[in-house]
Amino acid sequence: MKFIVKLFPEIMMKSRPVRNRFSKILQGNIRNVLTRHDEQVKVILEWDKIIVRTENESAENKANLILLLSSTPGIAHFLEVTESVYTDLHDVYEQTLAMVGDSLDGKTFCVRIKRIGKHDFSSIDAERYVGGGLNQHTDTLGVKLKGPEITINLEINNEKLFFIDKKHPGLGGFPLGTQESVLSLISGGFDSGVSSYKLIKRGSRVHYCFFNLGGGAHEIGVKQVAYQLWNRFGSSHRVKFISIPFEPVVAEILEKVENGQMGVVLKRMMMRAATLMAERLGVEALITGEALGQVSSQTLRNLSVIDKVSDMLILRPLIATDKQDIVDCARVIGTAEISETIPEYCGVISQRPTVKAVMRKIEKQEEKFDLSLIEQVVNQAPTIDIRDIAKAVHKEILEVESVSQFAENEIVLDIRSLDEAEESPLDIEGVTIEHLPFFKLSNQFETLPQDKIYLLYCARGVMSKLQALYLKESGFDNVKVYRP
């Protein structure tokens, strides 16, 4: 099995040294991601492309590699190819006839050939020879150079012949690690997830900082969003997840700050804490999901007042983005369904929030605040490697049992997304398997027959453990985790 990976055009426009550096980083990222699924994968860097090879030809492995390549930043598109050798142009024609002849019946077609190396024929010569032969020896409706129903793409590279079976779109952007690291203030909502994704796509390693205002269930949901982003788009690099216990700060604000100023003061306290954490991590900037005018605290005046509390660069990738566009993007990247299940936890709700904060008034309110509390909660914040989320969950809920065998009255509940389940179906002989995506569990699990025991399944066992914890905390004891 072979894939030809094409680099994002902005990479190709860079100077030679920069292009070389970006290409090598992308090669390493692809290798890191793919070899965890297939140890036989070889990743070879050429001047304008990256070759991915593997001896594992299984349909499941192919689907996994396609999914991973399509989610790796820095790739414009990649080609799924079949490789062979040839002797002459007639051999190229005969191999092409064997590959695509039956599919041309009743269809118009054209042949496109890219040629690399020294040959006694040109690319146009090859296209005419192969196309003419197919036109004469199949039941096609004829050659159509513009707008054909079928385009046959071949590549002749010296003595090798490549049939391009399918072209897959890539994610675009820059390879992860080509830009400086950043810290995302993630809440679990639509906005912070999408803003984090945009920086990942642009080549930054994104660490996650969560201000816990809503207890354990809220944190679990936010971990799901962060893990989804890392697992799908950024798993070539290690990142941190930090949960800052912000309840004491909220309590202090509720007690000492005027109602109308609470929202801006809370955001300033978050920026203070995030700046401290970012400095400890050695990152270059903070990211938020704020969009201009979306809520009362997100006016230009308020954002300016909020930013003055930190000397660190604060990035807002969504500042001029409509809410519906943000939600649509969240659905594409797979975080929307999780965000929809996360309640809005806000310990500070102003009845009449200010939309034009005055620095003098805000500073007057903050004089009442014990700012040492910020450093205290930052010092208390647990920092974990996002890959260890599964282990952290295991420590939190030892009562959630993981099983690999089945007993009577047990049903395997596949909680993967529909696309993932279709790409790699779970089929266990003699066992009842039902599908309920993880983002529907909170609302629909209670509608299932509760006299059954449900074994939650996902590919890596992380989301299933997180969901098992959520269901246990919600009072459901009839859940386990299935790990084959």
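Each position is counted from 1, following the chain as shown.
Placed from the backbone N, Cα and C atoms, the Cβ positions cover glycine too.
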- prompt: The ATP site in Swiss-Prot includes LEU185, ILE186, LYS267, GLY289. Which of GLN298, GLN324 is also listed there?
  reply: GLN298
Query: If you measure CYS458 (disulfide bond) to LYS267 (ATP binding site) at Cα, how many Å is it?
result: 36
Message: Going by DSSP, is LEU185 (ATP binding site) sitting in a helix, a strand, or coil?
response: strand
- line: Same chain, |i - j| six or more, Cβ under 8 Å of GLY289 (ATP binding site); the result in sequence order is LEU185, SER187, GLY189, PHE190, ASP191, SER192, GLY193, VAL194, SER195, SER196, ARG316, LEU318, ILE326
Statement: Whole-number mean pLDDT, the domain 'THUMP' (63-167), equals 95
- prompt: Just how many other Cβ atoms lie inside 10 Å of the Cβ on LEU185 (ATP binding site)?
  reply: 25
- prompt: Mind checking how the domain 'Rhodanese' (406-484) divides into helix, strand and coil residues in DSSP?
  reply: 28 helix, 17 strand, 34 coil
Message: Say we define neighbours as other CB atoms within 10 Å of the CB. Which of the recorded positions ILE186, CYS458 has the fewest?
response: CYS458
